[in-house]
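One structure is given here, and the rest of the page talks about it.
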């Protein structure tokens with residue numbers, strides 16, 4: 001008799017899980033493709049100067065040091081406005097926030113085509129960062145309105161593949177524009193690049209405003225039963241009961257600072273791979289810009305696949321900590337491989353593939369950890385603070401430029417970033433794991 005009851009309960013549980021899987025798969029199809037495209041344009045506009053630099057230097061006489069400062073100016077803008085932008089999201093809503101952010105960053109990206117002096121270059125890169133500020137942490141918080149903790153790594157991975165996939169655009173497409181459009185209508189290829197890759201952001205901002213609902217309650221394409229499935233999976237709808245002083249609540253959380261250091265270190269590695277990989281490849285003897293762009297595609301394509309697979313694996317295993325450490329370890333190994341290759345293309349490419357795959361795979365697992373560790377009353381401000389600390393890593397681009405000028409190569413920078421990632425691994429091995437375990441136990445108690 002007991003066996004029959006257990007079978008009935010198991011069958012009911014299986015049916016409920018199947019229904020939840022169907023509902024969350026539908027939500028993913030509705031939200032993630034558009035958010036992916038928005039983030040893709042953000043990364044394209046942010047990173048296309050990596051290739052444009054190779055043409056801008058000849059046209060405008062900018063040095064590596066100027067380029068490094070300009071890349072860092074973007075991060076200063078993000079750092080200054082990330083938290084205010086994310087706190088405003090609560091007041092004005094997701095749709096209006098995305099419209100403001102994307103329209104303004106599209107204008108700033110396109111206006112870079114008019115740059116003539118280093119000062120103008122710095123100013124527009126700063127504005128691009130200021131206008132983009134709040135986009136990524138805002139989307140991460142937005143996804144917590146829809147997905148429970150155990151489903152977040154996969155969906156964040158799908159969203160964040162845009163960062164790696166952007167390399168597929170800034171590689172061959174940007175390389176083609178630089179070559180094919182150079183001189184058309186009296187403009188340089190780099191000027192056409194800024195214009196053609198800036199305008200889509202404005203269009204997508206308008207589409208996001210018209211299409212995205214503020215949350216499950218406003219989603220007309222969800223039935224009442226489907227909304228109940230979402231609410232039951234979330235327990236208390238996360239992020240909906242904000243504290244009066246969310247910033248104060250976030251500042252009291254030690255995990256904010258630990259995770260902030262982690263995103264800063266990963267951000268340094270990301271900046272090195274995004275902004276300087278084209279220059280590293282060119283230094284191996286590849287001089288054709290389109291060929292450089294094609295080589296850049298390879299690690300980004302493999303990194304995109306690795307990120308999605310790894311996020312799914314982490315969700316399926318319901319394990320975050322070891323997954324994160326292994327991914328960061330792969331990034332360390334890749335950076336060191338690039339350094340010991342001493343300009344040999346095969347070694348550089350092997351290291352770039354390993355580093356990009358490891359770093360890319362670490363991000364969605366990290367954000368799944370962060371959104372689970374942060375209390376509900378500190379989630380909005382906490383995610384913004386952690387993201388802001390990651391954005392501060394942008395100043396590393398200026399350091400990398402100075403290192404290349406002084407040392408003649410980026411090998412010292414590769415070792416320096418690898419060392420920072422070693423510190424992250426030690427942090428997760430010695431400090432963050434007990435806190436994560438405690439948070440998981442508390443979460444289970446709240447649900448029971």
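Cβ coordinates come from backbone N, Cα and C, glycine included.
Marked as domain 'Major facilitator superfamily (MFS) profile' by TrEMBL: 31-437.
The transmembrane segment annotation in TrEMBL covers 27-45 (among others).
For 65-85 (among others), the entry in TrEMBL reads transmembrane segment.
What TrEMBL records for 97-115 (among others) is transmembrane segment.
If you look up TrEMBL, you'll see 121-143 (among others) marked as transmembrane segment. Tertiary proximity for the transmembrane segment (121-143) is limited to same-chain residues at least six positions away from its ends with a CB under 8 Å from its CB atoms, namely 31, 35, 38-39, 42, 45-46, 49, 62, 66, 69-71, 73-82, 84-86, 88-89, 94, 97-98, 101-102, 104-105, 107-109, 111-112, 115, 152, 155-156, 159, 239, 367, 371, 379-380, 383-384, 386-388, 391, 394.
Among the features that TrEMBL reports, transmembrane segment is placed at 155-178 (among others).
The transmembrane segment annotation in TrEMBL covers 190-212 (among others).
Residues annotated as transmembrane segment in TrEMBL: 255-277 (among others).
For 289-310 (among others), the entry in TrEMBL reads transmembrane segment. With a threshold of 8 Å between CB atoms, the same-chain residues lying at least 6 positions outside the transmembrane segment (289-310) that come near it are 50-51, 54-55, 154, 157-158, 160-161, 164-168, 170-176, 178-179, 273, 277-278, 281-282, 323, 327, 345, 349, 352-353, 355-361, 363-365.
Long-range contacts of the transmembrane segment (322-341) within its own chain (CB-CB distance under 8 A, at least 6 residues past either end) are made by residues 266, 269, 272, 280, 310, 313-314, 347-348, 350-359, 361-362, 365-366, 369, 411, 414-415, 417-418, 421-422, 424-425, 428-429. The transmembrane segment annotation in TrEMBL covers 322-341 (among others).
Look at TrEMBL and you will find 347-369 (among others) tagged as transmembrane segment.
Remote same-chain residues near the transmembrane segment (381-401) are listed as 64-69, 71-72, 74-76, 78-79, 82-83, 85-87, 129, 133-134, 136-137, 140-141, 246-247, 249-251, 253, 256-257, 259-261, 263-268, 270-272, 275-276, 370-371, 374, 410, 413, 417 (criterion: CB distance under 8 Å, separation of at least six residues from the stretch ends). Taken from TrEMBL, the feature transmembrane segment covers 381-401 (among others).
Taken from TrEMBL, the feature transmembrane segment covers 413-432 (among others).
The stretch from 27-45, 190-212, 255-277, 347-369, 413-432 that makes the most Cβ contacts under 8 Å with the transmembrane segment (155-178) is 27-45. Of the two recorded stretches, the transmembrane segment (190-212) does not lie close to the transmembrane segment (413-432), with fewer than three CB pairs under 8 Å once pairs fewer than 6 apart in sequence are set aside. Between the transmembrane segment (347-369) and the stretches 27-45, 97-115, 255-277, 413-432, Cβ pairs under 8 Å are most numerous for 255-277.
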